[in-house]
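Annotated ATP binding site per Swiss-Prot: G13, L14, E15, G16, A17, G18, K19, S20, in sequence order, evidence recorded as sequence analysis.
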Amino acid sequence: MSSLTGKLIVIEGLEGAGKSTAVNLVVELLSQKKISTITTREPGGTRIGEILRSIIKNPEYNNVLDDRSELLLLYAARIQLIEQVIKPALNEGQWVIADRFELSTLAYQGGGRKMDMRVINELSNFCLKGFKPDLTLYLDINPELGMIRAKSRGKFDRIEQESIEFFHRIHDTYHILVKQNPEIMMIDANRPLEDVQSSIQSVIEEFIEHNL
């Protein structure tokens, strides 16, 4: 597959939506087609990115980390990820499967933190220079159900400790973004796992068919 141009597939959604499971499923489906893949996550995916992740997610920084600082840290991590991991992999013909990307910032910082979307978009244009995923799957889940699932994983991190109203704002913003960007594929993640996986498989198989 090295002779082919790689693709970037992003999995988005609230906590507890099943993003990690979806990433693994996408990798399996691509592997069946002999497509070389790598996985990554946001924030993180590089040495610097993981350091920034530890700051952003650390509960010790509750009420300490300014929203603007958080936003800048996220973009710093994203730049490192794009330049050090994603672009090199795509240039080698690999398909990159990412747990979160730009849409998360718009939803969490723009929606959850109520930050000015114009500022975020300007920062995005400066940092990403138009770089976009080839496919985004948004796993849509009720915030209450998502947090119940997330809680079963263990202790909450700094973001997961936010109020349920915070996650409802994110959820609402995701829906607005999906309506504004019809290329984003929304999948109902409130359903049983096998139904969610079946929907993901259908989307991925169609995407593969049109890109091989």
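Heads up, the Cβ atoms here are built off N, Cα and C, so glycines get one too.
Given the structure is predicted, the values throughout are model-derived calculations rather than measurements.
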Query = Can you tell me the three-state DSSP label for E15 (ATP binding site)?
reply = coil
Ask   = In terms of DSSP three-state secondary structure, what is the assignment for S20 (ATP binding site)?
value = helix
Task = Give the number of CB atoms, excluding that of A17 (ATP binding site) itself, located within 10 Å of its CB.
result = 26
Message = Can you give me the same-chain residues 6 or more apart in sequence from S20 (ATP binding site) with a CB-CB distance under 8 Å?
response = D99
Query = Which residues, sitting 6 or more apart from G13 (ATP binding site) on the same chain, put a CB under 8 Å from its CB?
reply = K19, Y138, L139, D140, I141, G146, Y174, A189
